[in-house]
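Asker: Mind having a look at this structure? Questions to follow.
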Amino acid sequence: MDRTWLLLTWLLLLCGVVQGNQESINQKYHDVCSGMYSKEDFNGKVDPYISFTLEELSLADEDDDGEGVSVAVFDFQDYEHIGVRLPNGEIQYICDDYALDLGLCEDSSEGQFIIQETAIDPFTSKEHKLTSQILTFTQQELGTNDKVYSINKTGYYCVTTSSFISSSSKFKATVNFRNAYGQLDASEAYKMPIYAFLAVAYAVCTLVYSWLCWKHRHELLPLQRYILVFCIFLTADTIFVWMYYIIENQKGNSSVALHVYMVFISIFSAGKMTFTLLLALLISLGYGIVYPKLDRTLLRRCQIFAIFTFAVCVAFLVQKYSQNSESLSNLILITAIPLVLCLFAFYYLTLSSMNKTMTYLREQNQVVKLNMYRKLIILCYISLFILFLGLLVSTFAYVGMDTVDMIEQYWKTEFLITDTWPSFVYFLVFVIFAFFWRPTSTSYLLACSHQLPTDMENVSEFDLDDINSLSDEALPNREPRNDYQEHDHNMDIDLASDFEEVPSVNANTNANNDVLFDVDYDRDAKNDRSTT
């Protein structure tokens, strides 16, 4: 087998880095790799090592007592040192009778992998020596081998196996990549402190937003209640993910309880994604900002579609986790295709609704609300730009590396590209979004703003009873002032008599005034007239 194909095989293995401390291998899938930290780089209670446990062995010929499994443990940088290239271009990996006849190995190494002290790099054609030791042995008996591979430096280590004497023999074994800090895979080690930080950050944001909601509980919009519930949900979801990595680090990934817990987290992850899409769709439709309430039929359709998307997402994640990663099956498409269609539908509906809402606000000259939606669009574009920027930077970081160096370094930053970076971007976007729609003493005026539509066709979209009820809820918490109530009463009369007339409530008309809706302007003017 050519070394180029061997390198490509390990490159594919890197794309599916072991998701835990232990990995199963057999006669069909006989290679496995994982990053390992030295005790100096990531301190812990034990010295890191790699061990091999043979669980099953089915001999092709029961009379052949010498048959077993050949094992080699090595640093990936030294993969060229395994095997010897023959004159015909093929590579002889195992020290068998043929290799002994050619003098490629000694009798004491029979059944083991052939190791070369010096090798030629296929990319640079330069000779180089071993950077780390290569452990090779044979095993015929079931159980854990006495020989373990000690990790003295941080690197990407691999275990390759082969059944010697007969290629038709079957076996099953477990490789234990034991790091100093615990059972968690090295590529996920930093997820524990990262998710701990995110859990604390979400908890702080939830406390702050809860305090604002309690402080302005009589002026809350329905949308702000949605955001509060979502804050609590995101905090719980992040804590559960953090606890998952802590449990896996302590117990390993082989327990049934951990797999059940993984399904539970999948449900939460599906809820997080679905709730995000639903919230974005409701805002794009103008819920709570442009209109105090949406049409009941339209709102029900959004909720039903969100529930359907949630069910499809849960089915996809459960199928993904329950399916054996070694068995490539197209059955995953049964749930993957509907999920992609649902996500595309959400994406299309959100953008089209956002465009219609902004067009409507522009036609009605509702400048304040239009600016809020513009900020939201800008925030979405910036978040996408940051996501792609992180991907671009990570890509260029590996441009100057050769294939071996890239494989050696990728596992250290893989979690940043696929998990941490999107999680941090999502957190920042959500915090900024929640800040835009935070509860204030005047935030309820966004829903009952007097900067109303000027066409009679849209009158039905604004329920004056909702406006009055919102105003009545807020007034008891303020000192009773007859002139304000008189002004509010006259305002309703003006709205009922002539809907096209814009009331005298100013929506940031003064360049030096930072107040969104100055509800005291007319009252002060009226008092000035009465004094004169």
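Keep in mind that glycine also has a Cβ here, set from the backbone N, Cα and C atoms.
Pasting the feature list from Swiss-Prot:
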{"type": "CARBOHYD", "residues": "ASN152", "note": "N-linked glycosylation site"}
{"type": "CARBOHYD", "residues": "ASN253", "note": "N-linked glycosylation site"}
{"type": "SIGNAL", "residues": "1-20", "note": "signal peptide"}
{"type": "TOPO_DOM", "residues": "21-193", "note": "topological domain 'Lumenal'"}
{"type": "TOPO_DOM", "residues": "215-226", "note": "topological domain 'Cytoplasmic'"}
{"type": "TOPO_DOM", "residues": "248-262", "note": "topological domain 'Lumenal'"}
{"type": "TOPO_DOM", "residues": "284-301", "note": "topological domain 'Cytoplasmic'"}
{"type": "TOPO_DOM", "residues": "323-330", "note": "topological domain 'Lumenal'"}
{"type": "TOPO_DOM", "residues": "352-375", "note": "topological domain 'Cytoplasmic'"}
{"type": "TOPO_DOM", "residues": "397-414", "note": "topological domain 'Lumenal'"}
{"type": "TOPO_DOM", "residues": "436-532", "note": "topological domain 'Cytoplasmic'"}
{"type": "TRANSMEM", "residues": "194-214", "note": "transmembrane segment"}
{"type": "TRANSMEM", "residues": "227-247", "note": "transmembrane segment"}
{"type": "TRANSMEM", "residues": "263-283", "note": "transmembrane segment"}
{"type": "TRANSMEM", "residues": "302-322", "note": "transmembrane segment"}
{"type": "TRANSMEM", "residues": "331-351", "note": "transmembrane segment"}
{"type": "TRANSMEM", "residues": "376-396", "note": "transmembrane segment"}
{"type": "TRANSMEM", "residues": "415-435", "note": "transmembrane segment"}
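Describe the structural context of each listed feature in the structure shown, including burial, neighbouring residues and relevant distances.
Answerer: The Cβ neighbour count for ASN152 (N-linked glycosylation site), using a 10 Å radius over every protein chain in view, is 14.
Counting every protein chain shown, the Cβ of ASN253 (N-linked glycosylation site) has 19 other Cβ atoms within 10 Å. Taken residue by residue with DSSP, ASN253 (N-linked glycosylation site) is part of neither helix nor strand, so it is coil.
This prediction places the mean pLDDT of the topological domain 'Lumenal' (323-330) at 52.
The residues of the topological domain 'Cytoplasmic' (352-375), classed with DSSP into helix (H, G, I), strand (E, B) and coil, number 21 helix, 0 strand, 3 coil.
The list of residues near the transmembrane segment (227-247) in space but at least 6 beyond its ends in sequence, with Cβ under 8 angstroms from a Cβ of it, reads 184, 188, 191-192, 195-196, 198-199, 202-203, 205-206, 209-210, 213, 258, 261-262, 264-265, 268-269, 271-272, 275-276, 279, 430, 434, 437.
Remote same-chain residues near the transmembrane segment (263-283) are listed as 223, 226-227, 230, 233-234, 236-237, 240-241, 244, 289, 294, 299, 302-303, 306, 309-310, 313-314, 317-318, 321-322, 343, 346, 349-350, 353, 376 (criterion: CB distance under 8 Å, separation of at least six residues from the stretch ends).
Sequence-distant contacts of the transmembrane segment (331-351) (same chain, six or more residues past either end, CB-CB distance under 8 Å): 277, 280-281, 284, 305, 308-309, 312-313, 315-316, 319-320, 323.
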Asker: Per DSSP, what is the residue count of the topological domain 'Cytoplasmic' (215-226) in each of helix, strand and coil?
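Answerer: Counting residues by DSSP class gives 6 helix, 0 strand, 6 coil.
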Asker: Measuring Cα to Cα, how far is ASN253 (N-linked glycosylation site) from ASN152 (N-linked glycosylation site) in Å?
Answerer: 25
Asker: What are the DSSP helix, strand and coil residue counts for the topological domain 'Cytoplasmic' (284-301)?
Answerer: 7 helix, 2 strand, 9 coil
